[in-house]
């Protein structure tokens, strides 16, 4: 989860989020190089005294400042396209979770099991034991080291199911079923929130995922049923 004075990404809990962070760092280095180069050229133009009364055009410099930005964009576009296809890849999911957005709470259904469905409401944030605006009464329990498919929809307005640590952000649209998948590679509790402005209590519908070993998940399913 996010902590005070943390300007970086949250620690990733899935391979997809790791790739997103790598792409962010790659693009940021390119932006820093461009900023430094343009700043140097601007400063040198401000303070030098070079003049040339007979220079009206130069085909070579125009060719250079056309080709260099195009090459730079290719260096950004190719990893970006690779990442887009990776995010859409669905690779033999073990279980399917269905998330339904309401004003203003989430409900979940485990489609592979009978009668495993529940609503998830934010709990009292005045209690010091709870994470303010982030904790819920019923957490989503998922097995680690397994591919998980999630189907997302809504019953009233547009919501957005977002968990930064997993690199997942999918809109929940009424009358439409959106799909994505993720792979949790470590145990832990991961927090998210609705990131689509959906009404007065938009800030009060958090998401909490608890990642556990597969044996604990099976025990939880058996006890729930």
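Even glycines carry a Cβ here, placed using N, Cα and C.
As annotated by TrEMBL, domain 'Cytochrome oxidase subunit II transmembrane region profile' applies to 1-91.
Mean model confidence of the domain 'Cytochrome oxidase subunit II copper A binding' (92-223) amounts to 89 (pLDDT, 0 to 100 scale). Residues or ranges marked as domain 'Cytochrome oxidase subunit II copper A binding' by TrEMBL: 92-223.
Sequence-distant neighbours of the transmembrane segment (20-42) (same chain, 6+ residues past either end, Cβ-Cβ under 8 Å): 9, 12, 72, 75-76, 79-80, 83, 167. The transmembrane segment feature in TrEMBL is assigned to 20-42 (among others).
Residues 16, 19-20, 23, 26-27, 30, 34, 167, 180 of the same chain, all 6+ positions outside the transmembrane segment (63-87), place their C-beta atoms under 8 angstroms from a C-beta of that stretch. Residues annotated as transmembrane segment in TrEMBL: 63-87 (among others).
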